[in-house]
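One structure is given here, and the rest of the page talks about it.
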């Protein structure tokens with residue numbers, strides 16, 4: 001097999017898949033007119049079911065825990081999905097750069113649908129978690145690729161609006177998810193929370209295949225080419241044409257196998273330590289300490305390997321596709337890492353707020369899953385409004401950092417107000433405190449991704465691959481924050497609840513695990529102002545205090561973000577992309 005080297009933007013775009021051009025205008029592969037809007041609609045549908053799978057789970061936790069009897073494992077209904085979602089984001093970006101966007105997205109949808117089917121048919125908590133993990137593998141690709149594809153179909157000026165449109169899928173799912181999930185759980189069965197992904201995913205595949213033309217080929221021509229390739233395949237031909245040494249080098253260096261393995265193992269061990277601490281094992285036990293310390297060390301070593309050791313072992317330094325997943329030139333660039341830390345911190349706090357806002361109404365007021373989900377409508381409506389406003393403002397005025405700071409300020413104020421939500425607060429307070437966190441995330445997330453993309457040097461030969469990987473890294477940080485938010489919030493709640501119950505010496509709860517305490521509470525509800533109701537309220541408030549800390553750190557990073565603005569062309573300039581003046 002011949003050695004592949006790249007020396008021009010055209011060759012780089014070929015390495016990224018021919019549909020990976022940064023300059024959408026003038027690319028034969030980019031949809032135009034109605035096809036563009038339908039293609040964006042298909043990507044939005046894909047992101048909708050991806051987000052739905054995160055948010056709908058919050059409404060089934062108590063029902064599933066009661067059916068399978070493992071409340072402490074319910075945290076893994078979120079983590080089992082969001083952890084592979086985070087870890088594999090970078091891999092999907094690299095995978096798409098090799099085989100192209102279209103094939104990667106279709107594969108990701110199929111994996112996601114398979115995971116949803118497994119979860120829907122689950123007969124035990126472990127099987128349900130396994131289905132969530134499989135769905136998370138596919139969901140990781142969907143989140144990464146939808147933003148990459150959407151951003152590369154239009155010019156730079158229209159990217160903020162596209163990012164906002166795609167982000168609205170998450171916000172709409174946050175409204176619909178708890179309502180649909182609650183309705184299914186209360187009136188039908190929680191299994192339909194996963195069955196619903198199947199028809200929506202199928203529709204998204206059809207729309208995408210009909211509107212997105214990779215290599216300027218229609219879907220029928222692509223199917224014909226694929227059949228021809230498969231029919232001409234023979235093992236002897238494969239054996240003679242493939243250099244297995246180069247194949248192994250491709251796996252190790254194109255996909256950064258060792259860096260990925262170290263990073264994944266580190267994150268998994270660290271999150272296991274947080275999950276087991278205070279539940280299965282005490283915090284000072286050797287098992288928990290080993291998980292936490294070893295997890296941190298492996299993660300640090302993965303960074304050392306990618307930043308300093310990868311190039312020393314790289315057999316083909318001139319091959320642009322042989323590069324680490326976490327490229328020091330990009331990831332360690334202050335302007336990029338700062339805005340991605342904003343994404344990570346705000347998503348950590350926001351996910352904790354979302355999960356325990358639902359738990360607040362279910363555990364304290366014994367609300368059904370459906371009614372508890374309705375309380376999230378304020379936080380989601382404001383998220384949609386802010387996301388759209390952010391995209392329009394950036395497209396028209398080019399502002400990025402002001403929106404980032406504005407979102408950070410609203411996040412701190414909103415998180416502070418959420419600590420006022422207790423079992424004695426009024427209905428208006430319970431609704432009002434949920435408004436600002438939605439505004440915060442809507443403004444900040446779009447601005448952070450746009451700010452990161454603006455740092456790419458467009459005249460570099462590998463600019464197209466840089467664009468993919470910066471976008472994938474942002475998705476990685478977003479998913480990692482969501483994952484950590486779910487685990488940490490459960491850890492804080494469980495530890496706080498267990499300690500407070502132990503000090504109160506409540507006879508029905510003494511000697512029970514947190515799982516058993518929660519189940520006993522659900523089966524023997526004694527009001528929102530009882531002793532156990534007060535303890536639950538205080539424990540959930542501690543989660544909200546933790547979220548406030550993450551928002552405060554996020555605002556601090558917002559203040560140090562780049563001052564770069566989106567360049568707005570003069571009115572008499574020719575529209576720069578295929579979303580302009582349609």
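Counting begins at 1 with the first residue displayed.
Even glycines carry a Cβ here, placed using N, Cα and C.
Database features, via Swiss-Prot:
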CARBOHYD  70  N-linked glycosylation site
CARBOHYD  423  N-linked glycosylation site
TOPO_DOM  1-44  topological domain 'Cytoplasmic'
TOPO_DOM  66-80  topological domain 'Vacuolar'
TOPO_DOM  126-132  topological domain 'Vacuolar'
TOPO_DOM  154-160  topological domain 'Cytoplasmic'
TOPO_DOM  182-191  topological domain 'Vacuolar'
TOPO_DOM  213-256  topological domain 'Cytoplasmic'
TOPO_DOM  278-287  topological domain 'Vacuolar'
TOPO_DOM  309-329  topological domain 'Cytoplasmic'
TOPO_DOM  351-372  topological domain 'Vacuolar'
TOPO_DOM  394-401  topological domain 'Cytoplasmic'
TOPO_DOM  423-430  topological domain 'Vacuolar'
TOPO_DOM  452-469  topological domain 'Cytoplasmic'
TOPO_DOM  493-539  topological domain 'Vacuolar'
TOPO_DOM  561-582  topological domain 'Cytoplasmic'
TRANSMEM  45-65  transmembrane segment
TRANSMEM  81-101  transmembrane segment
TRANSMEM  105-125  transmembrane segment
TRANSMEM  133-153  transmembrane segment
TRANSMEM  161-181  transmembrane segment
TRANSMEM  257-277  transmembrane segment
TRANSMEM  288-308  transmembrane segment
TRANSMEM  330-350  transmembrane segment
TRANSMEM  373-393  transmembrane segment
TRANSMEM  402-422  transmembrane segment
TRANSMEM  431-451  transmembrane segment
TRANSMEM  540-560  transmembrane segment
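Under the criterion of 3 or more C-beta pairs below 8 Å, with sequence separation of 6 or more, the transmembrane segment (540-560) and the transmembrane segment (330-350) qualify as touching. Helix, strand and coil content of the topological domain 'Vacuolar' (182-191), in residues and according to DSSP, is 6 helix, 0 strand, 4 coil. When Cβ-Cβ distances below 8 Å are used as the criterion, the transmembrane segment (373-393) is approached by residues 58-59, 160-165, 167-168, 170-172, 174-175, 177-179, 181-182, 353-354, 357-358, 361, 367, 399, 403, 407, 430-432, 434-443, 445-447 of the same chain, each at least six residues removed from its ends. Segment contact is absent for the transmembrane segment (257-277) and the transmembrane segment (161-181), given fewer than three CB pairs below 8 angstroms at sequence separation of 6 or more. Residues 71, 74, 77-78, 81-82, 105, 109, 112, 116, 125, 128, 132, 135, 139, 142-143, 146, 166, 169-170, 172-174, 176-178, 180-182, 185, 190, 193-194, 196-197, 200-201, 203-204, 207-208, 354-355, 358-359, 362-363, 369-370, 372-373, 482, 515, 518-519, 522 of the same chain sit 6 or more residues outside the transmembrane segment (45-65) yet have a Cβ under 8 Å from a Cβ within it. DSSP states for the topological domain 'Vacuolar' (278-287), grouped as helix (H, G, I), strand (E, B) and coil, give 2 helix, 1 strand, 7 coil. Among residues of the same chain six or more beyond the transmembrane segment (105-125), those with a C-beta under 8 A of the stretch's C-beta atoms are 46, 49-50, 53, 64, 68-70, 73, 92, 96, 131-142, 145-146, 149, 191-195, 197-198, 201-202, 204-205, 208-209.
Only residues 6 or more beyond the boundaries of the topological domain 'Cytoplasmic' (394-401), in the same chain, are considered here, and those with a CB under 8 A from a CB of the stretch are 157-158, 160-161, 446-447, 450-451, 454, 558, 561-568.
Per DSSP, the secondary structure of the topological domain 'Cytoplasmic' (394-401) breaks down as 5 helix, 0 strand, 3 coil. Residues in the topological domain 'Vacuolar' (423-430) partition by DSSP class (helix H, G, I; strand E, B; coil) as 4 helix, 0 strand, 4 coil. Here the transmembrane segment (133-153) has Cβ contacts under 8 Å with residues 19-22, 24, 30-31, 36, 39-40, 43-44, 46-47, 50, 53, 80-89, 91-93, 95-96, 101, 104-105, 107-116, 118-119, 159, 162-163, 165-166, 194, 197, 212, 449, 453, 467-468, 471-472, 474-475, 478-479, 578 of the same chain, all six or more residues outside its ends.
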